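Chemist: Pasting a structure below so you can have a look.
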Amino acid sequence: ADENTGLQSQPPPEEQNYGATAAHVRQGPFVPVSRNGPAKRDHLIVAVLCYANLINFMDWFIVPGILLDIQKYFELSDGDTGLLQTVFILCYMLAAPIFGYLGDRYNRKIILGAGIFFWSGVTLGSSFISELYYWIFFLSRGLVGIGTASYSTIAPTIIADLFEEGKRTTMLSIFYIFIPVGSGLGYVLAAGMADVTGDWHWAFRITPCMGGLALVLLILLVPHETQRRTSAHRALSISGTIRVAAEKPGVHRTAKTPWCQDVISLAKNWSFVWSSLGLTAMAFITGALGMWVPLFLYRAQVVQGIVSPCLQESCNLSNSLIFGGITIGTGILGVIAGAEAARRLRKINNKADPLICATSMFISALCLYIALMVAQTSILSTFIFIAFGELFLSVNWAVVTDILLYVVTPRRQSTAIALQILVSHLLGDAGSPYLIGIISNAIQAKNSHSFQWSFWSMQYSFIVCAFVGVFGGGFFLLTSFYIEEDRKEAER
């Protein structure tokens, strides 16, 4: 069943396929579905969605890439600086359930296009804010978060509808590779533009142009009506044909259910609950690292005497460039390694996915702890262990999403993704940058104002991330206890 051409309500349940259930079907012959021509179209759609995902995450990490300049320009403390990313994430996560509701019921292409247009426009506008109106800059980051929520909630469900299970994992892996790639390019773009122009404001004027191109590609290349693949489609797809299942006369499949009923059902799905909490731990760590690592490394270098304190108008942003490159490289390698490990290990263990996630979280937590401990003596060792920490975190991105897509019935997937976004950001990266900042502020307030204590305060506050990583591994272990049963229930 196809979506409508506008934001009007879809046809009655008896006239459409929706979610995990098919519509009332007529008895009849096979319905041929060609997969040769559509295959190219489907890959083109994924390419457009990946490009937009790239821009999406570049916008997320422009601020951390030029954090030194922004902190100095607006004269912000560590706590206020951390609040910048917290405002962004809070608005993002609060908007996600709304877009999840809309994505399950209305035309997804229109919602995606509106989101790209909105966040690109606000990003461009934020580049013209003066130092007297720092509160407007905070507000603009919140509005960008609302725009990106429309995209992150809906785009994965379109990919899930286009491909069968084996291919779906590959396509989702490619899509999620652009999270670390976009994040890393956000640092590189921000630091590069600030260095070339001598004005950090220019960092916010490139992604809106890229967003305009993404909007044009979305309009031209993505069909206005995208088919929602159902459980019946997945089960009955044989040799390029979909057999329309016959039902007993007068028996209709389940139609759309109320949103509250969907939420209650998801709350009883323990694989979804525990994996979402594991993702929350990942989000907590990545949010804190993404915001503070370049500044932490700068303070470590000042203590070691490698660089002088930033007093000039434009600060040295080499740490942002290096960290951005590490994020890109480890992200690509980690997502590919995670998808490949999952593909191989699923053949011998039905619980492979959550076990992979648990193992990678434990190793990542250890690497991050070591990175913090060696920062005052060896910047190179710190970079190496941060790279390994990010690598093992990235292993989980596509695997966690794939877990959700096979333990949740398709008609609840947009809602499930939206709720996962809400929980993971509310308890994860919405608060972690701010929490690290206020802990650092508190430590500095109790000690002498010096570059040494400026470094130590950030180092001690960062240790929280290592402990959260251990908890995340535990949540994924709990997921492994329920995943087989929940997957069978979703298939039914």
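Yeah, the Cβs are placed from backbone N, Cα and C, and that goes for glycine too.
All TrEMBL annotations are machine predictions without curation.
So TrEMBL says this about it:
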- 44-63: transmembrane segment (TRANSMEM)
- 45-484: domain 'Major facilitator superfamily (MFS) profile' (DOMAIN)
- 83-103: transmembrane segment (TRANSMEM)
- 110-129: transmembrane segment (TRANSMEM)
- 135-159: transmembrane segment (TRANSMEM)
- 171-190: transmembrane segment (TRANSMEM)
- 202-222: transmembrane segment (TRANSMEM)
- 272-293: transmembrane segment (TRANSMEM)
- 321-342: transmembrane segment (TRANSMEM)
- 354-374: transmembrane segment (TRANSMEM)
- 380-405: transmembrane segment (TRANSMEM)
- 417-440: transmembrane segment (TRANSMEM)
- 460-483: transmembrane segment (TRANSMEM)
Chemist: Given the cut-off of 8 Å on Cβ pairs that are 6 or more apart in sequence, determine whether the transmembrane segment (417-440) and the transmembrane segment (83-103) share at least 3 such pairs.
Modeler: yes
Chemist: For the transmembrane segment (110-129), which recorded stretch in the set 83-103, 171-190, 354-374 gives the largest number of Cβ pairs separated by under 8 Å?
Modeler: 83-103
Chemist: How does the model score the domain 'Major facilitator superfamily (MFS) profile' (45-484) in terms of mean pLDDT?
Modeler: 84
